[in-house]
Amino acid sequence: MVEAIVEFDYQAQHDDELTISVGEIITNIRKEDGGWWEGQINGRRGLFPDNFVREIKKEMKKDPLTNKAPEKPLHEVPSGNSLLSSETILRTNKRGERRRRRCQVAFSYLPQNDDELELKVGDIIEVVGEVEEGWWEGVLNGKTGMFPSNFIKELSGESDELGISQDEQLSKSSLRETTGSESDGGDSSSTKSEGANGTVATAAIQPKKVKGVGFGDIFKDKPIKLRPRSIEVENDFLPVEKTIGKKLPATTATPDSSKTEMDSRTKSKDYCKVIFPYEAQNDDELTIKEGDIVTLINKDCIDVGWWEGELNGRRGVFPDNFVKLLPPDFEKEGNRPKKPPPPSAPVIKQGAGTTERKHEIKKIPPERPEMLPNRTEEKERPEREPKLDLQKPSVPAIPPKKPRPPKTNSLSRPGALPPRRPERPVGPLTHTRGDSPKIDLAGSSLSGILDKDLSDRSNDIDLEGFDSVVSSTEKLSHPTTSRPKATGRRPPSQSLTSSSLSSPDIFDSPSPEEDKEEHISLAHRGVDASKKTSKTVTISQVSDNKASLPPKPGTMAAGGGGPAPLSSAAPSPLSSSLGTAGHRANSPSLFGTEGKPKMEPAASSQAAVEELRTQVRELRSIIETMKDQQKREIKQLLSELDEEKKIRLRLQMEVNDIKKALQSK
């Protein structure tokens, strides 16, 4: 029959569960997988979480029965003594081997899962084994669980030898007590053995007495019993004896001071919140910052006005008027294990990490204290160095991986994070008026590089060339039209410079109204139209090895239906030589290395002039089309701007109405 003692209160959540309280004994337990056991308490049978209780060995429950049979023959006691002496030595050696590997807690740690141990600075843990890298399994205060290995430091062999010597003293005192029980019931002899062995023997004998065995018959049935549990584990059965009603001896009622402090901290923890920052002035003081949560250890320090506490794994004193106490139920849930999941639903364990602090709503803090409490030992303490070399190392990082607990169906936590989501790309710019035709003026006529493909610069309109155009009221005539031509020379080339094509209006000057519109749409409102008085065109010298060719047919499509503008070059900066030529749609390029057959100088010059005039007229039509298009776009932009202004005004009015409504409330 398996029995267990309740260590934590649990309120039943379903009809088939048991409501258990601390100290109660659950009997007829049937162990099941999944974290839930079935047992009986107060005549009622139901389920309860297994991590809220601690199992009691059968040998411990048989002890009270031994008190009822003191009339056994005396010849059994010597035989029991001989067996006891041999078994005690063997088991003491085994215990020494098992307790050979121990570790001491260097940093405090609060459990994040049910199968983890709560560590406090100074606790001694018996290491069971290394389950996973960074996580060990051990026994602390009778509870077996996992703990991070970088929060502890292993003890040297001296502590192991001390534990073995304590076990030897325990066995010797047990033999003396058994001898006393044979003669007079064991009261006087047990007291003598305690006095002879001192406090160590007293503390070692304490667990067996607490379990209600009695003085005279404490080791009567010892050959049948096992003694595998440590002293710390046996001390945890004190609440059981309170329910049974055994009266403890006066010598066993005074536990060790370190364990008293540990138990008091486990049962009730006090926390305080820092309301004013304080920089440590001595080695034994804590540096606290506003908002920190400090665990109180001792309020009754030697110096009045100073408390002892723990923060980030470091213990020290701090002024009590720099903090305020938190209510007793603060972080109450962190001290008790979580409810295990139902047996059918596995639990995915979360990553082990430091506990998140609970941030309270900030309020107006009281005035900072004017002075610190007086410390009597302040003169004796050395002044603290400016560098924090004497501080304890910070709490190490918790290992990222946690082993699977042996008794639950929980899964191991994922080891890697999902890949990071890529950045959202910037959307391409859209044109609001894509249906309107785009006329490319500078693609073929304003760049000065006529042998380049027109598709590479179809969307670029060079308007800077129009700033250098000076309007003229008279038509310009070429000065070489009446000049005799030399025989054997080719006609003027159609190659133009960027400055020569700056103005589309070469021969016909526009009216003042048209001039003004051209200034607004193409010159970016740079200069007034009245300042344009003349137009100057610079034409480059014709090359000797090239002849005039008709324009490329792609110019018409790129320009929105109009032909590409072309003009000739001449040595004079204030004149131009013009000619006419037919448009050939099958011409593959604007210029080629092959020229036309040689013509008469007069005929070729006249043809070039006519061709240039035709192209100038086409340029003017293109400019007019661009003017109309830009006028339409400007009007559309203005209308959209007006609509946006109206929408903004409506939104502003709605915001004002909402503000007034809120103020009225």
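Positions of Cβ are set from backbone N, Cα and C atoms, glycine also.
Database features, via Swiss-Prot:
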COILED    602-664  coiled coil
COMPBIAS  177-195  compositional bias 'Low complexity'
COMPBIAS  469-484  compositional bias 'Polar residues'
COMPBIAS  491-510  compositional bias 'Low complexity'
COMPBIAS  535-546  compositional bias 'Polar residues'
COMPBIAS  564-582  compositional bias 'Low complexity'
DOMAIN    1-58  domain 'SH3 1'
DOMAIN    98-157  domain 'SH3 2'
MOD_RES   Ser156  phosphoserine
MOD_RES   Ser159  phosphoserine
MOD_RES   Ser183  phosphoserine
MOD_RES   Ser230  phosphoserine
MOD_RES   Thr254  phosphothreonine
MOD_RES   Ser436  phosphoserine
MOD_RES   Ser509  phosphoserine
MOD_RES   Ser511  phosphoserine
MOD_RES   Ser521  phosphoserine
MOD_RES   Ser587  phosphoserine
REGION    159-200  region 'Disordered'
REGION    328-444  region 'Disordered'
REGION    467-610  region 'Disordered'
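Secondary structure of the domain 'SH3 2' (98-157) per DSSP, as helix, strand and coil residue counts: 5 helix, 31 strand, 24 coil. For the domain 'SH3 1' (1-58), DSSP puts the residue distribution at 4 helix, 29 strand, 25 coil. Mean pLDDT across the coiled coil (602-664) comes to 93 in this model.
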